[in-house]
Amino acid sequence: MGDRETSNHSEVTDFILVGFKVHPEFHILLFLFFLLVYAMILLGNVGMMVIIITDPRLNTPMYFFLGNLSFVDLFYSSVIAPKAMSNFWSESKSISYAGCVTQLFLFDLFIVSEGFLLAVMAYDRFIAICNPLLYSVQMSTHLCVQFVAGSYFFGCISSVLQTIMTFTLSFCASRNIDHFYCDERPLLRISCSDLYIPNMVSFFLCTIIILPTIIVIIVSYIYIVSTVLKIRSTEGRKKVFSTCSSHLGVVSVLYGAIIFMYVIPDRFPELSKVASLCYTLVTPMLNPLIYSLRNKDVKEALRKILGKNLFLFI
């Protein structure tokens, strides 16, 4: 029996997603919360993509990046939310081995891509505000496509490394993942393999992904603030800050939740779940709201689309 318990990970056929440790009566409330948030994610991000694609005035680099941000938000939340909602009604709460691998891979792919996209969007705002006369030259269509493709490429590389590293471990301690989706940290907790190399790889990936993107964002906004302070017109300053505040709000929510999660010790898994909830569901829900409510062009495009549809309905 001892040999069987310490057998290779290939014998594991499924895992159990423990989810939130609350009284069963609260599962219906959690289900309704997830359902409401996910519905808003679908409506907001699909709506944002439709607005950007259909309105010719939004055919600019900023909205090209914003459309890709909505695409990423939509897909990484869709990797998590449906399975989490189904588990609120399931007694087994199981997820297949292949399903767990797929969930970890896709989530890492999209969340890392989002980090790079936010850095690219900060650079875009830097060029638009600090070098407006050269903006159309420096932010060409070809370069914008390269930036987005690079974001997905680095997301894919990181995801492949993280997934291979995690699922080459042996899982002999337990099949119970103390989380509401397959994430690296709770998977490492149930592994009986030596975790020194996986931890070093994770630290290395976080360093080369999070640190450069944060540096690009911070440096870009240092130059932006320096330029804005030189603007004599109060109205001009307000306009520039209004343009940048949406992006800063998105960055603050996403990176705040991620950093908070990774500084929480492993002995507080429930806090990790709350932090994960912020960037898996809350951030994708807030992003379209932040950009639509604080963006004059998006609001006008939305009114135009709603006006046309209302006219056709009448």
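A Cβ is built for glycine as well, from the same backbone N, Cα and C atoms used for every other residue.
Residues or ranges marked as transmembrane segment by TrEMBL: 28-51 (among others).
If you look up TrEMBL, you'll see 44-291 marked as domain 'G-protein coupled receptors family 1 profile'.
The transmembrane segment feature in TrEMBL is assigned to 63-81 (among others). A Cβ distance under 8 Å defines the sequence-distant neighbours of the transmembrane segment (63-81), meaning residues of its chain 6+ beyond its ends; these are 34, 37-38, 41-42, 44-46, 48-49, 52-53, 103, 106-107, 109-111, 113-114, 117-118, 120-121, 124, 144, 147-148, 151, 180-181, 250, 280-281, 283-285, 287-288, 291, 297.
The feature transmembrane segment is assigned by TrEMBL to 101-123 (among others). Here the transmembrane segment (101-123) has long-range neighbours at 62, 65-66, 68-69, 72-73, 75-76, 79-80, 83, 95, 147-148, 150-152, 154-156, 158-160, 162-163, 166-167, 181-184, 187, 209-210, 212-214, 216-217, 220-221, 247, 250-251, 254-255, 279-280, meaning same-chain residues at least 6 beyond its ends whose C-beta is under 8 angstroms from one of its own.
As annotated by TrEMBL, transmembrane segment applies to 143-161 (among others).
What TrEMBL records for 201-228 (among others) is transmembrane segment. Cβ atoms under 8 Å from those of the transmembrane segment (201-228) belong to residues 112, 115-116, 118-119, 122-123, 125-126, 129-130, 154, 158, 161-162, 165, 184, 237, 240-241, 244, 248, 251, 255, 258, 262 of the same chain, restricted to positions at least 6 beyond its ends.
For 240-262 (among others), the entry in TrEMBL reads transmembrane segment.
Per TrEMBL, transmembrane segment is recorded for 274-293 (among others).
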